[in-house]
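Per TrEMBL, the features are as follows:
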| type | residues | note |
| --- | --- | --- |
| DOMAIN | 74-461 | domain 'Arabinofuranosyltransferase AftA N-terminal' |
| DOMAIN | 539-612 | domain 'Arabinofuranosyltransferase AftA C-terminal' |
| REGION | 1-31 | region 'Disordered' |
| TRANSMEM | 43-64 | transmembrane segment |
| TRANSMEM | 76-96 | transmembrane segment |
| TRANSMEM | 103-123 | transmembrane segment |
| TRANSMEM | 186-208 | transmembrane segment |
| TRANSMEM | 237-254 | transmembrane segment |
| TRANSMEM | 266-292 | transmembrane segment |
| TRANSMEM | 304-331 | transmembrane segment |
| TRANSMEM | 351-374 | transmembrane segment |
| TRANSMEM | 381-399 | transmembrane segment |
| TRANSMEM | 419-436 | transmembrane segment |
| TRANSMEM | 448-468 | transmembrane segment |
Amino acid sequence: MSTTTLGADVNTDADEKDLDAPGPRQPAGGVTRRVARRIGRRIGPSTTAIAGYVAMMALSWLLVEVAGLSPLTLRGAVTPIAAGAVVAVIAIALAIRFASDRLAGAVAGLYAGWIGLVLINALHGTPFGHNELHNWDTVRMSALANRLTTTWRSTDAFLPGLPSEYPVLYPWLVARASELLDRPTWSLVGGMEILFISASALVAFLLWRRLTTPPVALAMAAVAPVVFMHGHKSYEILTLAVFVPWALATFAGLSRERGGLHWLPAGVIGGLFVCTYTGYLVFGAAGGLAIIAARLLRPNRKPYLLHLLGVLVTSVVVSSWYVVPLVWAYLTKTRNVVSDTYPNIVIGEDPVPLPFLEVTPIGLLTLVGLFGLFWYRKREWWALPMLLLLGGIYLYWAVYMVQLVGNGHTGFLVKIPRMVTMVLVTAGVLTLVRAAKPLAERFRLVPPRSVGVAALAVLLVSSGLLAWDKWTPGNPKGFADAEPQVQQSQLEPNPALHAHMQPGPDGEPSRFVPRDLVATPMPADRIAAEVEARLGPDARPMSLSTDMRLYAYELWWGYLQRGHYSANSLMRYTDRSAELEKLEAITDPERFAAASADTRFGGIDVFVLRKDDGGWYFNNRVTFDPASFRGGAFDIVDDLPAGLVLAVRNP
């Protein structure tokens with residue numbers, strides 16, 4: 001009797017020894033078939049997942065380039081849906097007839113590649129990524145990538161002599177790609193987003209594959225990219241997808257046979273985690289310590305402690321190029337932490353992260369997960385560690401909610417709901433799988449294989465549609481040529497549409513965006529030409545720009561960021577802002593020229609400000625009097641687009 005099911009990869013009708021043993025008469029080609037059979041047995045679901053991903057990504061790029069459709073039109077917007085429908089029909093037919101672990105892996109890779117198709121299609125026609133250069137976070141990331149083209153070490157985006165405070169691996173990779181491809185960094189951020197977000201589904205499958213069966217790992221891959229969907233935070237999407245399976249495989253005390261990670265790969269992943277996005281490690285630290293404490297209460301502690309030591313040492317070594325300079329700077333320099341004082345409205349909209357109260361598919365799955373964590377905490381290996389992890393996250397939330405009231409520092413509470421959701425969603429999948437068999441036995445049900453295939457298909461399709469809706473430009477979709485005609489007042493821009501709305505440094509719009517949607521330009525090329533004509537082609541002046549997009553294009557130093565919510569604490573934002581307020585009060589040109597050349601933190605040689613009724617605007621704290629720049633110390637260019645004015649100190 002065949003034992004091939006959704007959870008099995010080979011038919012065990014025949015004994016493997018019999019398959020390998022030579023018969024008395026070997027038919028022609030028998031050796032070849034035996035070798036092929038052995039190779040086939042070594043091709044597991046992880047291999048087919050990677051192969052499926054690579055193939056689908058290549059086909060996705062080819063499809064979008066050959067079709068050449070605008071993602072702002074109806075045909076262009078639904079291109080991934082049409083391609084996904086073809087892939088889904090074929091995959092479902094194969095799964096019903098030939099279900100296997102290898103096929104589950106292939107489907108996981110195809111799904112991850114289809115996520116890539118959605119993103120490739122969404123950004124077709126624009127060199128920018130989601131929300132790139134649209135808010136402080138994305139400007140900082142693009143500026144940091146630009147700065148890292150000058151060094152392989154950790155460095156701040158705006159000021160010399162400081163290490164990066166924000167995890168540096170993502171922009172570092174953009175910088176290395178820029179050198180390899182000879183393209184500016186700002187034109188590569190979108191491509192890196194595509195790789196990171198699509199890879200989140202693949203990596204989730206590969207890690208969960210160690211801990212559970214391939215079909216269950218496929219379900220985890222389906223939900224991994226859609227719990228948190230800010231495209232411009234692709235590195236957070238990837239690390240969030242990795243966090244739960246990595247924590248379980250590293251700290252739950254599992255043997256290698258049960259999916260536990262060796263200390264070396266576990267430490268490498270941990271170190272890369274630190275360099276990519278440290279926040280989730282901080283938010284989950286209390287839960288991780290609780291998991292470790294629970295394991296230490298059991299016998300055979302010495303091997304586990306040695307394992308933890310190996311993980312810790314490896315993580316420190318891998319992340320040292322980012323962590324060591326930062327820790328040294330923390331110990332030797334003055335800090336001014338202002339980045340977590342941002343009063344994000346989302347904190348007030350969702351003050352207590354309880355996703356299981358939401359009447360949505362994700363909400364229902366988290367409710368099942370919450371029930372499963374308590375119900376199975378003494379019956380299944382995964383339930384107690386995940387419950388401790390969840391409790392640690394809620395403990396962090398409680399501590400920083402009190403701190404928010406006390407001193408205004410949020411501890412980035414806005415990120416806690418997505419962590420809670422990820423833990424509970426994955427617990428929900430595990431709970432449903434665990435409960436399915438006893439429920440079927442109790443009600444004397446023998447569901448056919450097609451039921452499991454249908455369940456996975458529904459999960460994959462619903463998650464995929466959610467991803468398509470979130471990452472396809474604008475709402476409604478296809479607004480550029482849809483009927484009835486969409487008025488501009490009816491259009492809701494999203495991060496993908498902002499990528500198309502952003503003009504380049506030469507002021508030219510992207511390929512498909514309607515002219516009336518083009519964002520205010522940043523004439524970086526013109527500004528750079530004016531400065532180079534006065535200071536030389538290799539000048540890297542200390543500058544003060546009201547439009548931070550300048551630093552994504554030029555390698556100039558920035559005296560102060562216009563907004564403090566993404567400021568490096570080592571730049572001493574409050575003190576630098578106070579220096580600018582002192583300059584603002586000086587209206588005499590000679591005194592202003594002398595003072596701006598010798599502030600407490602050094603001189604400022606280039607000012608890029610915006611003209612308004614009150615003077616030349618930098619931010620809502622500082623507006624300079626135009627008369628301060630007269631008198632010959634500065635050369636003024638006041639015919640720039642977007643109301644900008646340039647003042648360059650004469651050499």
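Every residue number used here counts from 1 along the chain in the order it is shown.
Any Cβ shown, glycine's included, is placed from N, Cα and C.
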**OP:** Decide whether the stretches the transmembrane segment (103-123) and the transmembrane segment (304-331) have at least 3 CB pairs under 8 angstroms, with pairs required to be 6 or more apart in sequence.
**Re:** no
Subject >> For the transmembrane segment (237-254), distant same-chain residues with Cβ under 8 A (at least six beyond the ends) >> reply: 196-197, 199-201, 203-204, 207-208, 210-211, 220, 224-225, 227-230, 260-261, 266, 269-270, 273, 276-277, 280-281, 284, 287-288, 291-292, 295, 298, 304, 308, 311, 381-382, 385-386, 389, 418-419, 422-423, 426
Subject >> the domain 'Arabinofuranosyltransferase AftA C-terminal' (539-612) [mean pLDDT, rounded to integer] >> reply: 95
Subject >> Structural state census, the domain 'Arabinofuranosyltransferase AftA C-terminal' (539-612) (DSSP three-state) >> reply: 27 helix, 15 strand, 32 coil
